[in-house]
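These features come from Swiss-Prot:
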- Ser2: N-acetylserine (MOD_RES)
- 9-99: domain 'Acylphosphatase-like' (DOMAIN)
- Arg24: active site (ACT_SITE)
- Asn42: active site (ACT_SITE)
- Ser93: phosphoserine (MOD_RES)
Amino acid sequence: MSAAAQLKSVDYEVFGRVQGVCFRMYTEGEAKKIGVVGWVKNTSKGTVTGQVQGPEEKVNSMKSWLSKVGSPSSRIDRTNFSNEKSISKLEYSNFSIRY
């Protein structure tokens, strides 16, 4: 990673059939493959929420995955992104599933 890479942080919420379809496990796997950190968890209202941090281009790749791909048996209706901002350092050391 070049020193010039701008670090970004963004919160997300995924709507659709995203619980009971291994969405969190696949999200964790994709995040580790891309090289971003943060977390993912199910909400009580049937969505999946979390935060992604990393170099801007990697965060953008993860945003695309969260919007269009997901786990094999999921159905993503929409994904909302919020609180997107530049950060000076990562707040997490890895990507984890929260409960």
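The count begins at 1 with the first shown residue.
Yeah, the Cβs are placed from backbone N, Cα and C, and that goes for glycine too.
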Measuring CB to CB from Asn42 (active site), give everything in the same chain under 8 Å that is also at least six residues away in sequence.
Gln19, Arg24, Val48
So if I draw a 10 Å sphere around the Cβ of Arg24 (active site), how many other Cβ atoms end up inside it?
21
Count the residues of the domain 'Acylphosphatase-like' (9-99) that DSSP assigns to helix (H, G, I), to strand (E, B) and to coil, and report the three numbers in that order.
25 helix, 39 strand, 27 coil
Chain-internal residues near Ser93 (phosphoserine), provided their CB is under 8 angstroms and they sit 6+ positions away:
Val37
